[in-house]
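K.L.:
Quick paste from TrEMBL:
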DOMAIN    43-448  domain 'Amino acid transporter transmembrane'
TRANSMEM  46-65  transmembrane segment
TRANSMEM  71-96  transmembrane segment
TRANSMEM  121-142  transmembrane segment
TRANSMEM  173-190  transmembrane segment
TRANSMEM  202-222  transmembrane segment
TRANSMEM  242-262  transmembrane segment
TRANSMEM  283-302  transmembrane segment
TRANSMEM  331-348  transmembrane segment
TRANSMEM  369-388  transmembrane segment
TRANSMEM  394-416  transmembrane segment
TRANSMEM  428-447  transmembrane segment
Amino acid sequence: MTIGNITTKMEKRSRRNKEIVDEKAPLLLERHDEDSGFDEFDGASFTGAVFNLSTTIVGAGIMALPATMKVLGLALGIFMIIFMAFLTEASIEMILRFSRAGKNLSYGGLMGDAFGKYGRIMLQICILVNNIGVLIVYMIIIGDVLSGTSSSGVHHVGILEGWFGEHWWNGRTFVLIITTLGVFSPLACFKRIDSLRFTSALSVALAVVFLVITIGISIIKLVSEGIMIPRLLPDVTDLTSFWKLFTVVPVLVTAYICHYNVHSIDNELEDTTQIKSVVRTSLALCSSVYVMTSFFGFLLFGDGTLDDVLANFDTNLGIPYSSILNDVVRVSYAGHLMLVFPIVFYPLRLNLDGLIFPRGRPLSQDNTRFSLITIGLIGVIFTGANFIPSIWDAFQFTGATAAVCIGFIFPAAITLRDQHGIATKKDKVLSTFMIVLAVFSNLVAIYSDAYALLKKNESPE
């Protein structure tokens, strides 16, 4: 009995080292013989893993969810948020189960096992497109919040501009340079994702600060002004309003995308049997934050809820200390995105390295390669955030498409391929549903965004 227990523990510990040479895992979402470079590292804790995965999930998407309530109504909207959490848990469980069966340490290794080299490359490209787009958008939002932005002839004052007036040192480009050199670059230099557990915890805390303030303001206005309870169901009056319901599907489908970091977190866990509990705890935490943010955000602003609810905090809230609360919300959100940045950047760097150097030694053991890829990616993201004005439009098309491939189409395809003969009938039915949902959401996203762009271009005439 004792010998069996010891053997089990040794297998848990040695799994990472034993399989790292598997050439089926060139994606390197953890080519985890990093232990040889960090002998003092005894494995990541459960709490640290939960914070890292939760931070991966809760990015900028949290601000778009209240607007989905305006379209779907509270009851249907909250149901969809919870439903997508369960669907995400199922897709991650598929990835982990088939990874165990094939002894793969990375998502890319799993795709390579199921579909060969080209399957692995497709995944890597999707992660590059998705994560670069996400990080550029994060940097744009940070610049907007801190330095202000102008849209349709209206100038929205940034925090620094509001506090100190307009100066060269609080201009957008200079602020992003300081943020990149002072925050992004140092945090991007960590070679283990577990090293980011404290910044991830702070990131989640800052998201909770936004939530607490929103709840507080809602309660105050509910007591003092008698806010009306928003409608529970969608307002469908004609065919146009019916089709509008489907425009929120891409937002909901991509709200929980975190699959590209699951293997990295799993590989670093002290006890790798905890990964399922880590996933479930993270999804429960994030779905709770999503539901409360959506509910109280829509309760507070009603049908005046904007697509990005952060923009609603740019006006007078009609309560004492409104301007101070607005600034606290925006500062906490900017800080939250700054700390999410390295968590999303981590798999981006490893995937690019796996794409360019599929047979190279682990990235953490090659400082030159590590530095060059880090500098190059940060340079591309900085350039995109400052000099590509239409990145929002581009990201609407490519980001949602790549994200649903990562989160649903690829896990479902792996299950349907069933390389190891372990998929059940239920798995295959669920996988088919995931693919149909993902394809449908992509088509809706592309159609709605193209239609909106055409209407926008026609409007001046």
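First residue shown is number 1, and so on along the chain.
In case you wondered, yes, glycine gets a Cβ from its N, Cα and C as well.
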K.L.:
In the same chain, who gets a Cβ under 8 Å from the transmembrane segment (46-65) while lying at least 6 residues past its ends?
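P.N.:
Residues 81, 134, 137-138, 141, 193-194, 196-197, 200-201, 203-204, 207, 210, 251, 254-258, 261-262, 265, 268-269, 271, 274-275, 277-279, 281-283, 285-286, 289-290, 293-294, 297, 307-310, 333, 336-337, 339-340, 343-344 contact the transmembrane segment (46-65) from elsewhere in the chain.
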K.L.:
Tell me, please, if the transmembrane segment (71-96) and the transmembrane segment (173-190) are in contact, taking contact as 3+ Cβ pairs under 8 Å between residues separated by 6 or more positions?
P.N.:
no
K.L.:
Sort out for me which stretch, of 121-142, 173-190, 202-222, has the most Cβ pairs below 8 angstroms to the transmembrane segment (283-302).
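P.N.:
Comparing 121-142, 173-190, 202-222: 202-222 has the most Cβ pairs near the transmembrane segment (283-302).
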K.L.:
Thinking of Cβ pairs under 8 Å, which stretch from 173-190, 242-262, 331-348, 369-388 has the most of them with the transmembrane segment (121-142)?
P.N.:
331-348
